[in-house]
Ligand SMILES: [Zn+2]
Ligand SMILES: [Zn+2]
């Protein structure tokens, strides 16, 4: 709905804010182009509102009205760009809020992944040192060696499975 000030700045012919308004002797104002068009379409060139005949073929510009209209248009475009900015900011905030838990989750996942990898590395190196130790010295009975190797393999397998389950989630 047009506010009162906007209504006052509207041309009676095109019902839009005046563009280059001219003032007739009857004190009515119209866009220069609107008046020219209206005059071309009507046999008696007078005021489109009160029909009074114009004293001049080329009516003077209504500078005061022109300035009012220009500042109004400027305000209107500023208002719309402000509300656009506000809307954009709101969307940005919303997006940030939505992303926050995802980011946290990602951080935790990364940490767990690193821990998994580190532990897997540890198990691997334990396996190697056991192997080396037993191959080199053979001080423990073969039964114990086999048992230890199996246990380590099992732990390693469990670990890999846990990682898989966690990752498919
Ligand atoms: Zn007009
Ligand atoms: Zn008039």
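Glycine residues also receive a Cβ, built from the backbone N, Cα and C atoms like all the rest.
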Can you dig out which of the ranges 74-112, 113-151 TrEMBL describes as coiled coil? 74-112
Give me the DSSP three-state residue breakdown of the domain 'RING-type' (11-51), ordered helix, strand, coil. 10 helix, 8 strand, 23 coil
